[in-house]
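So the structure is just underneath, and the comments pick up after that.
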Amino acid sequence: MLKSALAILTILGCIWPLHSVMFHLPPNTQKCLKEDIQANQLVMGEYEVSDVPGQVIDYIARDTKGHILSQKEHITKGKFSFMSEVYDAYEICFISKVPPHQRGISQEVSLVTKKGVETKSYEGIGEASKLKPLEVDLKRLEDLSDSIVRDFALMRKREEEMRDTNEKTNSRVLFFSIFSMCCLLGLATWQVLYLRRYFKAKKLIE
């Protein structure tokens with residue numbers, strides 16, 4: 001039982017890693033990282049940028065509507081956190097600024113983000129509740145399992161919404177096609193009748 005629980009915990013830990021990225025930011029440019037986040041989910045992150053005299057980097061976190069959730073200027077090393085209000089694609093942007101008289105060079109930026117259950121401090125929970133190490137691991141396993149179930153439920157819901165949207169779109173396209181064919185048929189009939197009357201008036205046909 002113990003070995004099975006630890007094995008499952010190890011597997012879940014492998015498929016639920018921290019989001020870590022490192023990149024080089026050219027001078028006077030910006031790079032944005034986007035990720036879909038569920039509603040009412042805590043997001044935490046740590047960043048560090050290489051120091052270049054005379055150059056500065058700002059960061060800003062915002063949603064698709066442009067609402068600013070977190071920002072800071074002239075960053076070097078630090079942390080940030082924000083809470084998502086709705087399911088949305090959130091982005092974190094790093095912006096390089098170099099004076100016109102200075103020849104800029106690329107700066108190295110490293111970012112580590114955590115969200116949802118990843119942000120919990122299980123060591124603190126274990127100490128506060130006086131839990132044994134195994135009980136703390138089982139608590140982490142339970143939270144990870146619940147989080148995965150919620151993610152799959154959300155994915156299924158979004159799949160159903162997209163399928164409903166596709167079905168509605170297909171129905172509208174079919175209706176529009178039938179309507180267009182009826183209009184063309186009506187126009188063709190009107191043209192035939194009009195030309196028939198015209199030719200009769202000109203006595204070109206009987």
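From the backbone N, Cα and C atoms, a Cβ is placed for every residue, glycine too.
Taken from Swiss-Prot, the feature signal peptide covers 1-20, and the record attributes it to sequence analysis.
Positions annotated as topological domain 'Lumenal' by Swiss-Prot, on the basis of sequence analysis: 21-172.
Per Swiss-Prot, domain 'GOLD' is recorded for 30-140. In the predicted model, residues of the domain 'GOLD' (30-140) average a pLDDT of 86.
Residues or ranges marked as transmembrane segment by Swiss-Prot: 173-193.
Marked as topological domain 'Cytoplasmic' by Swiss-Prot: 194-206.
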Helix, strand and coil residues within the domain 'GOLD' (30-140) as assigned by DSSP: 20 helix, 54 strand, 37 coil
